[in-house]
Structures are given as C-alpha cells and as structure tokens.
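See structure below.
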Amino acid sequence: MYGIEYTTFLIYLISIILFNYILKSITRMMDYIIYKFLLIVTIASIVVNAQNYGINLPITGSMDASYVNATKDKPFLTSTLCLYYPTEARTEINDNEWTSTLSQLFLTKGWPTGSVYFKEYDDIATFSVDPQLYCDYNIVLMRYNSSLELDMSELANLILNEWLCNPMDITLYYYQQNGQANKWIAMGQSCTIKVCPLNTQTLGIGCQTTNTRTFEEVATAEKLVITDVVDGVNHKLDVTTATCTIRNCKKLGPRENVAVIQVGGADILDITSDPTTAPQTERMMRINWKKWWQVFYTIVDYVNQIVQAMSKRSRSLNSAAFYYRV
C-alpha cells in the first residue's frame, strides 16, 4: 500500500519537474525569437531610409517668393519623372533638340539621363479625356486660359486625387450621392448631363421623369464633368452615352505623385475650397508667364523642391484604370 503511494508521488514529482523543464525551454525559445526580431527591426530602422507618407506639404503661390534654388542632396537615381506640356510649348520653342537640352540640365539637378520623360498633349480638354500618369513623379504644366478655368479646375481635381469608381446604368436605376466625397465623373468627346431629382414617391421635383427636356442641365458638350448634386436624394439622369461615359466615384484622398503647375494667370486656381479636399492643401502652384524656355528653366531649377512635396507611392492613372479604381 505504501509502495503504491510512493510510486504515485514519484510520478507526480517527475511530471512536475518535466513540465517545468518544458516550460523553461519554451520560454527560452520565445525570448530568443523576440530578441532576434527586435534586433532585426533595430538594424533595419537604422539602415532603411524610409519615406514619411503622412505629410502633404503645400506648394501654392509664386515660386519666386517661396522656394530656394538648391539641388537635393540625394539625387533620384531610381525614380522617373514625367513632364506634361501643351503642344504650344514645342511650337514656340521650335528646336528639335530642346528635350535633349533639358535632359542635360536635369542631370545637373541629380536626375540621370533617361529618367525624365517629356509628354505632350494637345489641349486641356483633350488631356482630360485620357490622362496618363505613369511615372514615379508627374508634373503637369497647364497654360492659364480664362475661358478654360472650369476645365482646368476639374482636371486638377481629377488628377490630384485618387478615386474609386463603379459603372452606372442610368437606363435602369436611379442614383444618389452619399457624402461630399461622392461625385459622378463623366468623360468623353461630348458630355451633356441632365438630372431630375426625385421625391420619396419617385416623382420628379420640378421635372417630369418621362420627359428629359424638363430635366436640369448641369453640363453641356464638355469632355470632363465632375457632377455634384444634393446628397441623399435619388436622381434620374440623362447622359449622351454615345459620346460619354459616366461613373459613380468616391474620392479616396490625394494622389501624392502628381503636381500641377499653372503657367501664367493673375491668380492660382484654388481647388482646396472644395470640402472634399482633405487636407486643405494641394500640390498646385503658379509661375509667371514669360516664354516657354523660361518656364522650363524654372522647372529645372526647382524640380527637387517640387518633388520633395510629393510621394511616388500613388497608383498610375489612365482613363481605363480610372473607371474602376485609381
């Protein structure tokens, strides 16, 4: 009897000792893993020169007063820069080697030959139909034209922000906008958009749903339209679908790898007053109009200051990708 009790006691004692040994082994192993992980993180944080994406620096106003002409210490050896300019710039310069000249000048600012691409567009309206922003950094030059202020403002709003878009079937469904970030964006050769707000009984408010001539016209024969209507109210739409495509879009936030430079004009276009723009600063600036050579020289001088206010983390943009997610 006593032998059985002693045996049971020994079994319990051995089990406790074995369990304690296993627990200590696991503890030592976990300590080793944790210490090794912390060591790797510490070394990586010292070696890696990470970029802070949380800062969106304003670069509005005149460059002559706000920026210092200097070359960035670390050239962008692995980055690409696209410079978009209107056809009138090439026409005025009238020099077949002008892009080569500018490439050599960009080299003095730390941009290797072949890293800067020159992209030409016909005019603001045409560019807005098919914007293609593929480089790590994209600088868009827009010559100010008082008759095109709306087009310039809408194009800037489009390319300076990221949008999540879905198709709209206006023949079958009514649509409403939910929140200030929700817009209807239309692109095409000719976009005419009419809307008819509806009450809770789906009857037109000031219009007849069966007669599009009574609808409220919000855009006429435009190539790019960002439509904003009263939130929370269903609308029936009439769109020239043969020459225009409309999407239901939500503004996600700033597209940080794009900057817009307004060339000339008394005042800079201000899209920051839009309540959907957060933070209330954008990568827009103005430089005084003289000659296109002078404009490009100014860009070369300040290119690194411009890029420092940007981030190359944003997605590329073209019209096809824009319709689904940009």
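Each Cβ is built from the backbone N, Cα and C atoms, and glycine gets one as well.
Record check: Swiss-Prot places ASP228, VAL229, ASP231, ASP301 at the Ca(2+) 2 site, and the matching candidate among GLN104, GLN132, GLN177 is GLN177. Distance from the CA of CYS82 (disulfide bond) to the CA of VAL229 (Ca(2+) 2 binding site) is 35 Å. ASP231 (Ca(2+) 2 binding site) and CYS196 (disulfide bond) have their C-alpha atoms 13 Å apart, to the nearest angstrom. Following the DSSP three-state reduction, the secondary structure of CYS207 (disulfide bond) is coil. The binding-site residues shown are GLN177, ASP228, ASP301; of these, the one with its CA atom nearest the CA of CYS165 (disulfide bond) is GLN177. Local packing around the Cβ, expressed as the count of other Cβ atoms within 10 angstroms, is greatest for GLN177 among the recorded positions ASN145, GLN177.
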